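**Q** Quick one: structure below, then a few questions.
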Amino acid sequence: MLLVVEQFLNGLQFGLLLFLLAAGLTLVFGIMDLVNLAHGSLYMMGAYFAATFAAWTGSFLAGALMALGATLVLGIVLEVTALRHLYGRDHLDHVLATFGLILFFNEAVRLIWGPAGLALPLPAWLTVPVPILPGIHYPAYRLAIIAVALLVALLLYLGVMRTRIGMLIRAGASNREMIGALGINIKLLYTLVFGLGAALAGLAGLMQAPILTVQIGMGENILILAFVIIVIGGIGSIRGAFLAAIFVGMIDTLGRAFLPNLLRQVLSGAAASTAAPALSSMLIYLLMAIVLVVRPEGLFPANRR
Amino acid sequence: MKGLSVSKAVTALMLAGLVLLPLYSQLSGNIFILTLFTRIIILALAAASLNLIMGFGGMMSFGHAAYLGIGGYAVGMLAQEGIGSGFIQFPVALAASAIYALVIGALSLRTRGVYFIMITLAFAQMAYYVASGLARYGGDDGLTIYNRSDFSGLVNLGNRVQFYYLCLACLFGVIFLIWRIVNSRFGLVVQGLRSNEQRMQAIGFPAKRYQLVCFVISGTMCGLAGALLANNTDFVSPAVMYWTRSGDLMVMVILGGMGTLFGPIMGAVVFLLLEEFLSQITEYWALIMGPLLLLIVLFGRGGIMGVLGRAGRG
């Protein structure tokens, strides 16, 4: 029981983190029609910035806030110098150019911070276990991740659906020429959206940093998960990304936790312990395959003409 | 016409260089260059196979490195189990790649555009994780191949020069095959689908079936490259299938010139020599390579073949 609740919360936490990453990816794709492989690099940079600033200021929160600002700025710089020139190009061009950016970021990080990973220690008040149900404790930090991510998801929803900027973003997604003709500075809007996506990726990276090590290439595996999520959820749809992210986070976490035991009941011990790791890492891809067979456009395709 | 002749001349020069390379290596005693170019030729073969679906078929596969791994693991696993004959290993490698391509292709081809890119990427990543989980065959650490494929006296893979020429022959064979495919009725249909799928379907061609067959042919060719690559390194590990390797293959194709017959070879030669050259200058070669890719995408339309064509015309 304890294990079930704990793994369930772990799945939720991982899913919400994936959502932060996938939301930026799907926003940038839905609005600028840009495939950004370097999104994972922004996630990595968020973690590196947070570790550096936290060590520098001595405060986790201050470090996290500064890192958030730094990834926002980095995203804006990246958009203005490089990615802006890729709008309207073929998707293949996006893939290649941003692939080049990944190489660049990984190498730059190695040059600046060295090949060894960094650690981002948590302040004491975030490491205490919190009782959530009678007799069941859960780490405060993971609860904080869940709370922050839910809050950001809510703000994102309100921001996109209820504010003027959000209205412009939605308008830009459905017809960029028209909104430009109406006198809206579409270039500035795109830069802002990209910066927002970068900040979301940075937030995911810096929140994940204390749980895993901060290392080169940390953004790549999780980026592929984010791709799976936006493919399942329907590209360009934030709601789809949210539901798919929770779904993928749950399946991945619960699969890794419980599949070995389940298999052991069916197969012999040796066969189960060989098959289980491979099978549990395959689970989400199998899920994606099933979704594609049933709904090739994803579960919640954004309305596009 | 003059434009054609410039790119043709450069291509001919490059091919002649590849054929004569072992001679140079023997005369100068530079063995390293032979090893380097064996690798280049094998990856050129993989790039050529990717070009068949990407350049001619318009299917942007971002998971082509999976076949390198599948071909390689077929050789490695059979060798591990005591089956050393190349006459068994290579057909198994090709068949395994073909079956994987058939399953992945059937699922991925339900989608198009950027979905297709991401799905092929995700499936290749799945193959990567499965290989990492194969505890019996080394898991994450990979699998050492103690004996190269044995072709019972026909060709000795342990001999550098013979192995080089085997790889070159495979490359030329695959290029010839692609040339025949592209100019066949089948190839024309596939290229027609790249230009306008709806129209081709309206004429009455079963689009997905044609694309799937093309996808499987390409995967099988890349499986051959995988089997050769495993023999070249005497080792196969999940890293062969890592997604950056798929990215490398895409870069080679685009660098050389997508949808041209010899572009991928050119791309592989230039890309891998550049990588080798930059890594000798600085440990941080990717710091230069990354922005270079960005510049190539922004300014180098049509790759090297495209630039050569324009240079000849202008």
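Any Cβ shown, glycine's included, is placed from N, Cα and C.
Annotation source TrEMBL lists transmembrane segment at A:12-35, A:42-58, A:64-83, A:95-120, A:140-160, A:188-211, A:269-294.
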**Q** Go through the chain and flag residues at least 6 beyond the ends of the transmembrane segment (A:64-83) whose CB is under 8 A from any CB in it; none is fine as an answer.
**A** 34, 36, 38, 42, 45-47, 49-50, 52-54, 57, 97-98, 101, 190-191, 194-199, 201-203, 205-207
**Q** Quick one: do the transmembrane segment (A:140-160) and the transmembrane segment (A:42-58) reach 3+ CB pairs under 8 Å, ignoring pairs fewer than 6 apart in sequence?
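**A** Answer no: the transmembrane segment (A:140-160) and the transmembrane segment (A:42-58) share fewer than 3 Cβ pairs below 8 Å.
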**Q** Six or more residues beyond either end and a Cβ under 8 Å away: which residues meet both conditions relative to the transmembrane segment (A:12-35)?
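**A** Cβ under 8 Å, 6 or more out: 42-43, 83, 86-88, 91, 94-95, 98, 142, 145-146, 149-150, 152-153, 156, 169, 172-173, 190, 193-194, 196-201, 203-204, 207-208, 222-223, 225-227, 229-230, 233, 235-238, 240-242, 244-250, 252-253, 302.
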